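What follows is a set of notes on a single structure, which appears directly below.
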Amino acid sequence: MRLTLTFAMLFAILSFSPSPILTFASGTSNNENTIRVPLERKWVITHPPPGPSPNGNLASRTNSATSCVNKQFLKSHVQRIAEKYHSTLAAYELNTGSPHPLSQVGSELGEGFLDNLTPGSHVSTLPAFKMAKRRRSDIDTTSDAPSTPNAPLGGAPPVSEVVQRRHTKRDDISLAEVNSNMWMGTITVGTPPQSFTVDFDTGSSDLILPAQSCDSTCDGHTRYDPTQTSSSTNMSTTFSMAYGDGSNVAGTQYADNVYMGGYEAVNQTLGAATTYSSSLQFPVFLPDGLLGMGFPTISVLRASPVFQTMVSSNALMQAVFGFALSSEAGKSELTIGGTNTNMYQESTLAYISVSLAAYWQIPLAGVMRGGLNGAPDVVVANKTSYAQAIIDTGTTLIVTSDSIAQQFYANVTGAKLDTDIGGGVWSVPCDTIGSLAPTLTFGSSNFTVSASTFNLGPISNGSTDCIAGLAGGGSSWWIIGDVFLQNVYTVFDVANTRVGFADLA
(Lines of atoms letter the chains of each structure in order from A and count residues from 1; the text may use other names and numbers.)
(Lines give C-alpha, C1' and ligand atoms only; values in the text may rest on other atoms or scores of the structure.)
Protein backbone atom coordinates (compact mmCIF):
# COMPACT_ATOMS: atom_id res chain seq x y z
CA MET A 1 0.00 0.00 0.00
CA ARG A 2 1.35 3.41 -0.86
CA LEU A 3 0.08 4.76 2.44
CA THR A 4 1.06 3.00 5.64
CA LEU A 5 -1.14 4.22 8.47
CA THR A 6 0.06 2.14 11.36
CA PHE A 7 -0.34 4.76 14.06
CA ALA A 8 -2.05 3.87 17.32
CA MET A 9 -4.59 6.57 17.84
CA LEU A 10 -7.93 7.49 19.18
CA PHE A 11 -10.77 8.68 17.07
CA ALA A 12 -13.23 11.36 18.02
CA ILE A 13 -16.79 10.29 17.43
CA LEU A 14 -19.44 12.95 17.43
CA SER A 15 -22.34 11.94 19.56
CA PHE A 16 -25.97 12.90 19.38
CA SER A 17 -28.03 11.91 22.39
CA PRO A 18 -31.79 12.00 22.10
CA SER A 19 -32.81 14.23 24.99
CA PRO A 20 -31.65 17.89 24.99
CA ILE A 21 -33.51 20.53 23.05
CA LEU A 22 -32.46 21.44 19.53
CA THR A 23 -32.51 25.19 18.90
CA PHE A 24 -32.19 27.52 15.96
CA ALA A 25 -29.27 29.92 16.03
CA SER A 26 -29.96 33.61 16.19
CA GLY A 27 -28.08 36.84 16.56
CA THR A 28 -26.23 37.43 13.28
CA SER A 29 -27.09 36.86 9.64
CA ASN A 30 -24.74 33.89 9.54
CA ASN A 31 -26.75 32.22 12.27
CA GLU A 32 -30.13 32.45 10.59
CA ASN A 33 -31.86 29.27 9.48
CA THR A 34 -29.19 27.05 10.94
CA ILE A 35 -29.55 24.25 13.44
CA ARG A 36 -27.33 24.38 16.50
CA VAL A 37 -26.56 21.08 18.17
CA PRO A 38 -25.23 21.51 21.72
CA LEU A 39 -22.24 19.30 22.50
CA GLU A 40 -21.33 18.00 25.92
CA ARG A 41 -17.81 16.69 26.26
CA LYS A 42 -16.85 14.08 28.84
CA TRP A 43 -13.13 13.33 28.71
CA VAL A 44 -12.86 9.60 29.24
CA ILE A 45 -10.14 8.74 26.79
CA THR A 46 -8.53 7.28 29.88
CA HIS A 47 -9.47 4.41 32.15
CA PRO A 48 -12.12 5.85 34.49
CA PRO A 49 -11.13 6.54 38.10
CA PRO A 50 -11.85 3.89 40.73
CA GLY A 51 -15.35 3.68 42.11
CA PRO A 52 -18.79 3.19 40.62
CA SER A 53 -20.18 5.44 37.94
CA PRO A 54 -23.32 7.41 38.76
CA ASN A 55 -26.22 5.27 37.59
CA GLY A 56 -23.66 2.88 36.10
CA ASN A 57 -23.22 5.22 33.13
CA LEU A 58 -19.73 5.23 31.63
CA ALA A 59 -20.47 8.53 29.93
CA SER A 60 -20.75 10.26 33.29
CA ARG A 61 -17.27 9.30 34.42
CA THR A 62 -14.91 12.15 33.69
CA ASN A 63 -11.12 12.37 33.72
CA SER A 64 -9.36 12.72 37.05
CA ALA A 65 -5.89 12.60 38.49
CA THR A 66 -6.36 8.89 39.17
CA SER A 67 -7.19 8.09 35.54
CA CYS A 68 -4.71 6.68 33.03
CA VAL A 69 -4.68 6.10 29.30
CA ASN A 70 -6.54 2.99 28.12
CA LYS A 71 -3.70 1.52 26.08
CA GLN A 72 -5.63 -1.46 24.80
CA PHE A 73 -8.31 0.79 23.43
CA LEU A 74 -5.77 3.04 21.73
CA LYS A 75 -4.10 0.03 20.19
CA SER A 76 -7.37 -1.24 18.76
CA HIS A 77 -7.79 2.04 16.93
CA VAL A 78 -4.64 1.50 14.91
CA GLN A 79 -6.79 -0.92 12.98
CA ARG A 80 -9.85 1.33 12.80
CA ILE A 81 -8.14 4.40 11.33
CA ALA A 82 -5.83 2.40 9.07
CA GLU A 83 -8.86 0.60 7.61
CA LYS A 84 -10.60 3.88 6.93
CA TYR A 85 -7.77 5.38 4.91
CA HIS A 86 -7.02 2.09 3.21
CA SER A 87 -10.58 1.78 1.92
CA THR A 88 -11.16 5.45 1.07
CA LEU A 89 -7.92 5.78 -0.90
CA ALA A 90 -8.88 2.64 -2.80
CA ALA A 91 -12.38 4.04 -3.39
CA TYR A 92 -10.93 7.27 -4.81
CA GLU A 93 -9.03 5.35 -7.50
CA LEU A 94 -12.02 3.16 -8.28
CA ASN A 95 -14.32 6.18 -8.58
CA THR A 96 -11.99 8.44 -10.60
CA GLY A 97 -9.75 6.02 -12.46
CA SER A 98 -6.60 7.59 -10.97
CA PRO A 99 -4.71 7.09 -7.69
CA HIS A 100 -5.20 9.76 -5.07
CA PRO A 101 -2.08 11.98 -5.05
CA LEU A 102 -1.56 11.37 -1.35
CA SER A 103 -1.43 7.61 -1.92
CA GLN A 104 1.72 8.17 -3.96
CA VAL A 105 3.48 10.11 -1.21
CA GLY A 106 6.15 8.18 0.67
CA SER A 107 4.98 6.52 3.86
CA GLU A 108 6.54 4.72 6.75
CA LEU A 109 5.90 1.82 9.05
CA GLY A 110 6.01 2.79 12.70
CA GLU A 111 9.26 1.51 14.22
CA GLY A 112 8.70 -1.63 16.23
CA PHE A 113 4.99 -1.75 15.44
CA LEU A 114 4.96 -5.22 13.91
CA ASP A 115 6.99 -6.55 16.83
CA ASN A 116 4.35 -5.35 19.25
CA LEU A 117 1.29 -6.86 17.62
CA THR A 118 -0.47 -9.42 19.76
CA PRO A 119 -1.71 -12.72 18.28
CA GLY A 120 -4.80 -12.09 16.20
CA SER A 121 -3.90 -8.44 15.59
CA HIS A 122 -3.45 -7.13 12.09
CA VAL A 123 -2.32 -4.10 10.19
CA SER A 124 -4.85 -2.97 7.60
CA THR A 125 -2.16 -1.54 5.35
CA LEU A 126 0.02 -2.83 2.55
CA PRO A 127 3.48 -1.86 1.29
CA ALA A 128 3.39 0.83 -1.36
CA PHE A 129 4.42 -1.44 -4.21
CA LYS A 130 1.49 -3.77 -3.52
CA MET A 131 -1.20 -1.11 -3.41
CA ALA A 132 -1.58 -0.80 -7.18
CA LYS A 133 -2.18 -4.53 -7.48
CA ARG A 134 -4.61 -4.73 -4.59
CA ARG A 135 -6.49 -1.45 -4.93
CA ARG A 136 -9.29 -2.58 -7.23
CA SER A 137 -9.91 -5.78 -5.29
CA ASP A 138 -9.98 -4.02 -1.91
CA ILE A 139 -13.22 -2.25 -2.78
CA ASP A 140 -15.80 -4.35 -4.55
CA THR A 141 -19.30 -3.53 -5.65
CA THR A 142 -21.46 -5.28 -8.17
CA SER A 143 -21.25 -2.23 -10.45
CA ASP A 144 -18.26 -1.50 -12.68
CA ALA A 145 -16.03 1.48 -12.00
CA PRO A 146 -16.84 4.63 -13.96
CA SER A 147 -14.66 5.01 -17.01
CA THR A 148 -14.07 8.72 -16.43
CA PRO A 149 -13.78 10.87 -13.34
CA ASN A 150 -17.10 12.49 -14.14
CA ALA A 151 -19.03 9.29 -14.66
CA PRO A 152 -21.95 8.71 -12.29
CA LEU A 153 -20.98 6.88 -9.15
CA GLY A 154 -22.48 3.44 -8.69
CA GLY A 155 -23.22 2.65 -12.33
CA ALA A 156 -26.94 3.14 -11.71
CA PRO A 157 -29.34 6.04 -12.13
CA PRO A 158 -28.62 8.67 -9.45
CA VAL A 159 -30.82 8.39 -6.42
CA SER A 160 -33.20 11.22 -5.83
CA GLU A 161 -31.44 13.88 -3.81
CA VAL A 162 -34.54 15.53 -2.46
CA VAL A 163 -34.20 17.15 0.91
CA GLN A 164 -37.05 18.42 3.01
CA ARG A 165 -36.96 20.48 6.15
CA ARG A 166 -39.03 18.71 8.79
CA HIS A 167 -41.26 21.26 10.53
CA THR A 168 -43.76 18.89 12.07
CA LYS A 169 -41.27 16.60 13.75
CA ARG A 170 -37.70 17.46 14.53
CA ASP A 171 -34.93 15.33 16.03
CA ASP A 172 -33.88 16.83 19.35
CA ILE A 173 -30.22 15.91 19.57
CA SER A 174 -27.11 16.82 21.47
CA LEU A 175 -23.62 15.40 21.58
CA ALA A 176 -22.08 13.67 24.56
CA GLU A 177 -18.72 11.97 24.63
CA VAL A 178 -18.71 8.53 26.14
CA ASN A 179 -16.25 5.74 26.78
CA SER A 180 -12.76 6.03 25.32
CA ASN A 181 -13.10 9.45 23.73
CA MET A 182 -15.93 8.50 21.38
CA TRP A 183 -18.45 11.03 20.20
CA MET A 184 -21.53 9.07 19.17
CA GLY A 185 -24.43 10.62 17.34
CA THR A 186 -28.01 9.52 16.89
CA ILE A 187 -29.62 9.73 13.47
CA THR A 188 -32.89 8.20 12.36
CA VAL A 189 -33.49 6.17 9.21
CA GLY A 190 -36.65 4.99 7.49
CA THR A 191 -40.44 5.27 7.79
CA PRO A 192 -41.25 4.96 10.63
CA PRO A 193 -37.80 6.09 11.75
CA GLN A 194 -35.32 3.73 13.36
CA SER A 195 -32.63 5.29 15.58
CA PHE A 196 -28.91 4.54 15.26
CA THR A 197 -25.77 5.92 16.83
CA VAL A 198 -23.04 6.78 14.34
CA ASP A 199 -19.45 7.91 14.09
CA PHE A 200 -19.89 11.34 12.50
CA ASP A 201 -16.68 11.50 10.48
CA THR A 202 -15.24 14.09 8.07
CA GLY A 203 -12.55 11.58 7.05
CA SER A 204 -14.93 9.27 5.16
CA SER A 205 -18.06 9.61 3.03
CA ASP A 206 -20.44 6.69 3.52
CA LEU A 207 -23.33 5.79 5.77
CA ILE A 208 -22.77 2.22 6.98
CA LEU A 209 -25.18 0.47 9.37
CA PRO A 210 -25.40 -3.13 10.59
CA ALA A 211 -28.11 -5.05 8.78
CA GLN A 212 -30.80 -7.07 10.51
CA SER A 213 -29.29 -10.10 8.77
CA CYS A 214 -25.76 -9.37 9.99
CA ASP A 215 -23.90 -12.25 11.60
CA SER A 216 -22.56 -12.29 15.17
CA THR A 217 -19.98 -9.61 14.32
CA CYS A 218 -22.77 -7.04 14.67
CA ASP A 219 -23.89 -8.21 18.11
CA GLY A 220 -24.33 -5.32 20.53
CA HIS A 221 -25.34 -2.90 17.77
CA THR A 222 -28.82 -1.79 16.72
CA ARG A 223 -29.52 -3.28 13.30
CA TYR A 224 -31.15 -1.72 10.26
CA ASP A 225 -34.21 -3.71 9.19
CA PRO A 226 -35.33 -2.71 5.67
CA THR A 227 -38.52 -4.75 6.05
CA GLN A 228 -39.68 -2.42 8.83
CA THR A 229 -39.49 0.79 6.79
CA SER A 230 -41.85 1.59 3.94
CA SER A 231 -39.35 4.02 2.36
CA SER A 232 -36.55 1.46 1.93
CA THR A 233 -35.47 0.29 -1.53
CA ASN A 234 -33.04 -2.56 -2.15
CA MET A 235 -30.58 -1.26 -4.74
CA SER A 236 -29.50 -4.81 -5.65
CA THR A 237 -25.88 -3.79 -5.24
CA THR A 238 -23.45 -5.36 -2.81
CA PHE A 239 -20.31 -3.84 -1.36
CA SER A 240 -17.21 -5.22 0.32
CA MET A 241 -14.20 -3.56 1.94
CA ALA A 242 -11.32 -6.00 2.37
CA TYR A 243 -8.42 -5.53 4.81
CA GLY A 244 -4.92 -6.85 5.15
CA ASP A 245 -5.84 -9.67 7.56
CA GLY A 246 -8.56 -11.06 5.33
CA SER A 247 -11.43 -9.55 7.34
CA ASN A 248 -13.96 -7.30 5.68
CA VAL A 249 -17.08 -5.18 5.95
CA ALA A 250 -19.64 -6.39 3.46
CA GLY A 251 -23.33 -6.10 2.75
CA THR A 252 -26.05 -4.71 0.52
CA GLN A 253 -26.86 -1.14 -0.51
CA TYR A 254 -30.27 0.36 0.20
CA ALA A 255 -31.87 3.74 -0.38
CA ASP A 256 -33.90 5.15 2.48
CA ASN A 257 -34.80 8.43 4.14
CA VAL A 258 -32.22 9.70 6.64
CA TYR A 259 -32.88 12.38 9.25
CA MET A 260 -30.03 14.37 10.76
CA GLY A 261 -30.34 17.48 12.85
CA GLY A 262 -33.86 18.30 11.67
CA TYR A 263 -33.15 17.80 7.97
CA GLU A 264 -34.27 14.93 5.78
CA ALA A 265 -32.30 13.33 2.94
CA VAL A 266 -34.72 11.31 0.79
CA ASN A 267 -33.50 8.17 -0.95
CA GLN A 268 -30.09 8.36 0.68
CA THR A 269 -27.79 5.49 -0.22
CA LEU A 270 -26.57 3.48 2.77
CA GLY A 271 -24.68 0.26 3.24
CA ALA A 272 -26.42 -2.41 5.33
CA ALA A 273 -23.55 -4.59 6.53
CA THR A 274 -23.98 -8.33 6.91
CA THR A 275 -20.54 -8.64 8.51
CA TYR A 276 -18.37 -6.19 10.49
CA SER A 277 -14.59 -6.16 10.73
CA SER A 278 -13.13 -6.62 14.21
CA SER A 279 -12.49 -2.88 14.63
CA LEU A 280 -16.22 -2.16 14.22
CA GLN A 281 -17.41 -4.80 16.64
CA PHE A 282 -18.88 -4.02 20.03
CA PRO A 283 -17.50 -3.09 22.56
CA VAL A 284 -14.35 -1.95 20.73
CA PHE A 285 -16.55 0.24 18.53
CA LEU A 286 -19.53 1.61 20.45
CA PRO A 287 -21.56 3.38 17.72
CA ASP A 288 -23.89 1.30 15.58
CA GLY A 289 -22.45 2.62 12.34
CA LEU A 290 -20.54 5.26 10.42
CA LEU A 291 -21.70 8.53 8.84
CA GLY A 292 -19.07 10.10 6.62
CA MET A 293 -18.99 13.80 5.74
CA GLY A 294 -16.20 13.80 3.17
CA PHE A 295 -16.67 14.22 -0.58
CA PRO A 296 -18.26 11.72 -3.01
CA THR A 297 -14.98 10.71 -4.65
CA ILE A 298 -13.91 8.70 -1.56
CA SER A 299 -17.27 6.99 -1.21
CA VAL A 300 -16.88 3.22 -1.06
CA LEU A 301 -20.57 2.95 -1.96
CA ARG A 302 -19.95 5.32 -4.88
CA ALA A 303 -22.82 7.49 -3.71
CA SER A 304 -23.58 10.98 -2.49
CA PRO A 305 -22.73 11.46 1.23
CA VAL A 306 -25.62 12.46 3.49
CA PHE A 307 -24.70 16.14 3.80
CA GLN A 308 -24.07 16.50 0.05
CA THR A 309 -27.43 14.88 -0.60
CA MET A 310 -28.98 17.61 1.52
CA VAL A 311 -26.95 20.32 -0.22
CA SER A 312 -27.90 19.16 -3.71
CA SER A 313 -31.52 20.30 -3.32
CA ASN A 314 -30.52 23.78 -2.05
CA ALA A 315 -32.61 23.17 1.05
CA LEU A 316 -29.88 24.55 3.30
CA MET A 317 -29.36 28.28 3.51
CA GLN A 318 -25.64 27.60 3.35
CA ALA A 319 -23.82 24.45 2.32
CA VAL A 320 -21.78 24.69 5.50
CA PHE A 321 -21.42 22.91 8.82
CA GLY A 322 -19.31 24.03 11.75
CA PHE A 323 -17.83 22.43 14.86
CA ALA A 324 -16.85 23.80 18.22
CA LEU A 325 -15.29 21.03 20.30
CA SER A 326 -14.27 22.00 23.80
CA SER A 327 -13.46 20.30 27.09
CA GLU A 328 -15.41 23.07 28.84
CA ALA A 329 -19.04 22.29 29.58
CA GLY A 330 -21.48 24.23 27.40
CA LYS A 331 -18.79 25.33 24.93
CA SER A 332 -19.25 22.62 22.29
CA GLU A 333 -21.73 22.33 19.44
CA LEU A 334 -22.28 21.35 15.84
CA THR A 335 -24.03 23.83 13.54
CA ILE A 336 -25.74 22.57 10.39
CA GLY A 337 -26.48 24.92 7.49
CA GLY A 338 -24.10 27.69 8.58
CA THR A 339 -21.97 28.73 11.52
CA ASN A 340 -22.68 30.09 14.98
CA THR A 341 -20.81 33.37 15.17
CA ASN A 342 -21.37 33.50 18.90
CA MET A 343 -18.95 30.59 19.28
CA TYR A 344 -15.88 32.16 17.64
CA GLN A 345 -14.09 35.42 17.00
CA GLU A 346 -15.15 36.41 13.51
CA SER A 347 -12.09 38.59 12.90
CA THR A 348 -9.84 35.56 13.27
CA LEU A 349 -11.66 33.29 10.80
CA ALA A 350 -9.21 32.14 8.15
CA TYR A 351 -10.30 30.06 5.15
CA ILE A 352 -8.02 27.68 3.29
CA SER A 353 -9.08 26.20 -0.04
CA VAL A 354 -9.35 22.43 -0.25
CA SER A 355 -6.50 21.06 -2.35
CA LEU A 356 -8.56 18.21 -3.81
CA ALA A 357 -12.24 17.60 -3.12
CA ALA A 358 -11.99 14.07 -1.73
CA TYR A 359 -10.92 14.45 1.89
CA TRP A 360 -11.08 17.80 3.64
CA GLN A 361 -7.45 18.24 2.58
CA ILE A 362 -5.71 21.62 2.84
CA PRO A 363 -2.13 22.94 2.77
CA LEU A 364 -0.37 23.04 6.13
CA ALA A 365 1.89 26.10 6.29
CA GLY A 366 3.73 25.25 9.48
CA VAL A 367 4.11 23.16 12.63
CA MET A 368 6.42 24.21 15.45
CA ARG A 369 6.90 23.89 19.18
CA GLY A 370 8.84 25.93 21.66
CA GLY A 371 12.38 24.95 22.55
CA LEU A 372 13.11 23.63 26.03
CA ASN A 373 15.61 25.11 28.49
CA GLY A 374 16.49 28.04 26.27
CA ALA A 375 16.84 25.98 23.09
CA PRO A 376 15.49 27.44 19.83
CA ASP A 377 12.01 26.62 18.60
CA VAL A 378 11.62 23.28 16.83
CA VAL A 379 10.10 23.69 13.35
CA VAL A 380 8.97 20.43 11.70
CA ALA A 381 6.94 21.93 8.82
CA ASN A 382 6.88 25.26 7.03
CA LYS A 383 5.69 26.73 3.76
CA THR A 384 8.57 25.19 1.86
CA SER A 385 7.57 21.74 3.10
CA TYR A 386 4.48 21.81 0.87
CA ALA A 387 2.76 19.67 3.49
CA GLN A 388 -0.86 18.59 3.10
CA ALA A 389 -3.25 17.97 5.99
CA ILE A 390 -6.59 16.15 6.22
CA ILE A 391 -8.99 17.70 8.73
CA ASP A 392 -10.59 14.65 10.29
CA THR A 393 -13.20 14.71 13.06
CA GLY A 394 -12.94 10.91 13.12
CA THR A 395 -9.41 11.02 14.51
CA THR A 396 -8.13 12.39 17.79
CA LEU A 397 -4.37 12.68 17.43
CA ILE A 398 -2.28 14.86 15.16
CA VAL A 399 -0.62 12.24 12.96
CA THR A 400 2.50 12.54 10.83
CA SER A 401 5.40 10.36 9.69
CA ASP A 402 7.79 8.63 12.08
CA SER A 403 10.70 10.80 10.96
CA ILE A 404 8.82 14.05 11.56
CA ALA A 405 7.60 12.82 14.94
CA GLN A 406 11.16 11.90 15.90
CA GLN A 407 12.25 15.39 14.93
CA PHE A 408 9.43 16.87 17.01
CA TYR A 409 10.46 14.95 20.15
CA ALA A 410 14.21 15.20 19.58
CA ASN A 411 16.21 16.36 22.64
CA VAL A 412 13.18 16.03 24.93
CA THR A 413 14.50 14.21 27.98
CA GLY A 414 12.42 11.11 28.69
CA ALA A 415 10.48 11.18 25.39
CA LYS A 416 10.03 7.70 23.94
CA LEU A 417 7.80 5.59 21.77
CA ASP A 418 5.22 3.74 23.80
CA THR A 419 5.92 0.12 22.93
CA ASP A 420 2.70 -1.12 24.55
CA ILE A 421 0.57 0.94 22.17
CA GLY A 422 2.97 0.99 19.21
CA GLY A 423 2.19 2.66 15.92
CA GLY A 424 4.13 5.86 16.51
CA VAL A 425 2.51 7.01 19.78
CA TRP A 426 4.90 8.85 22.12
CA SER A 427 5.05 9.40 25.85
CA VAL A 428 6.90 12.24 27.56
CA PRO A 429 7.30 13.30 31.19
CA CYS A 430 4.03 14.79 32.42
CA ASP A 431 5.77 17.85 33.80
CA THR A 432 7.19 18.61 30.34
CA ILE A 433 4.32 17.78 28.03
CA GLY A 434 2.58 21.16 28.26
CA SER A 435 5.70 22.91 26.96
CA LEU A 436 5.59 20.74 23.83
CA ALA A 437 2.08 21.74 22.68
CA PRO A 438 2.52 22.69 19.01
CA THR A 439 1.43 25.70 16.99
CA LEU A 440 -0.06 24.91 13.57
CA THR A 441 -0.17 27.47 10.77
CA PHE A 442 -2.86 27.48 8.09
CA GLY A 443 -2.58 30.24 5.54
CA SER A 444 -1.06 33.10 7.53
CA SER A 445 -2.87 32.28 10.78
CA ASN A 446 -1.29 30.53 13.75
CA PHE A 447 -3.29 28.30 16.10
CA THR A 448 -1.71 26.89 19.26
CA VAL A 449 -2.82 23.60 20.79
CA SER A 450 -3.53 23.91 24.51
CA ALA A 451 -1.50 21.95 27.03
CA SER A 452 -4.65 20.27 28.32
CA THR A 453 -5.69 18.88 24.93
CA PHE A 454 -2.15 17.85 23.99
CA ASN A 455 -1.81 15.76 27.15
CA LEU A 456 -3.91 12.59 26.77
CA GLY A 457 -3.15 11.37 30.27
CA PRO A 458 -0.68 9.24 32.27
CA ILE A 459 0.45 5.93 30.79
CA SER A 460 -0.53 4.11 33.99
CA ASN A 461 -1.85 4.87 37.45
CA GLY A 462 0.70 6.92 39.35
CA SER A 463 3.03 7.28 36.35
CA THR A 464 4.92 10.52 35.73
CA ASP A 465 4.89 9.87 31.96
CA CYS A 466 1.97 10.98 29.78
CA ILE A 467 0.80 10.19 26.24
CA ALA A 468 1.30 13.13 23.88
CA GLY A 469 -1.15 14.24 21.20
CA LEU A 470 1.22 14.15 18.22
CA ALA A 471 2.05 10.71 16.82
CA GLY A 472 4.14 9.24 14.04
CA GLY A 473 3.40 6.07 12.13
CA GLY A 474 1.62 7.86 9.31
CA SER A 475 2.82 9.42 6.08
CA SER A 476 4.62 12.63 5.17
CA TRP A 477 1.18 14.24 4.97
CA TRP A 478 -0.72 15.01 8.15
CA ILE A 479 -4.02 14.02 9.74
CA ILE A 480 -5.38 16.73 12.01
CA GLY A 481 -7.76 15.42 14.64
CA ASP A 482 -9.47 16.39 17.86
CA VAL A 483 -6.25 17.31 19.72
CA PHE A 484 -6.12 20.35 17.43
CA LEU A 485 -9.83 20.80 16.66
CA GLN A 486 -10.71 21.39 20.32
CA ASN A 487 -8.75 24.63 20.13
CA VAL A 488 -10.56 26.25 17.20
CA TYR A 489 -13.95 26.69 15.62
CA THR A 490 -13.89 24.71 12.38
CA VAL A 491 -16.00 25.53 9.34
CA PHE A 492 -16.51 22.97 6.57
CA ASP A 493 -17.73 24.92 3.52
CA VAL A 494 -19.00 22.48 0.90
CA ALA A 495 -20.15 25.14 -1.57
CA ASN A 496 -16.75 26.81 -1.79
CA THR A 497 -14.68 23.68 -1.00
CA ARG A 498 -12.74 25.27 1.81
CA VAL A 499 -12.06 24.86 5.51
CA GLY A 500 -12.06 27.72 7.98
CA PHE A 501 -10.50 28.03 11.42
CA ALA A 502 -11.17 30.69 14.00
CA ASP A 503 -10.25 31.34 17.62
CA LEU A 504 -12.98 30.32 20.04
CA ALA A 505 -15.01 33.09 21.65
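Every residue, even glycine, has its Cβ placed from backbone N, Cα and C.
The cysteine that TrEMBL pairs with Cys214 in a disulfide, picked from Cys68, Cys218, is Cys218. Of the listed residues Cys68, Cys466, Cys466 is the one TrEMBL pairs with Cys430, by disulfide bond.
Cβ neighbours within 10 Å of Cys466 (disulfide bond), excluding its own Cβ and spanning all shown chains: 23. Take the disulfide-bonded residues Cys214, Cys218, Cys430: by the count of other Cβ atoms within 10 Å of each Cβ, the lowest one is Cys430.
The recorded positions listed here (Cys214, Cys218, Asp392, Cys430, Cys466) include Asp392 as those with a Cα within 10 A of the Cα of Asp201 (active site). Checked against Cys218 (disulfide bond), the recorded positions Asp392, Cys430, Cys466 differ in C-alpha distance, with Asp392 being the nearest. Neighbour count (other Cβ atoms within 10 Å of the Cβ, all protein chains): 25 for Asp201 (active site). Ranking the disulfide-bonded residues Cys214, Cys430, Cys466 by Cα distance from Asp392 (active site) puts Cys466 first.
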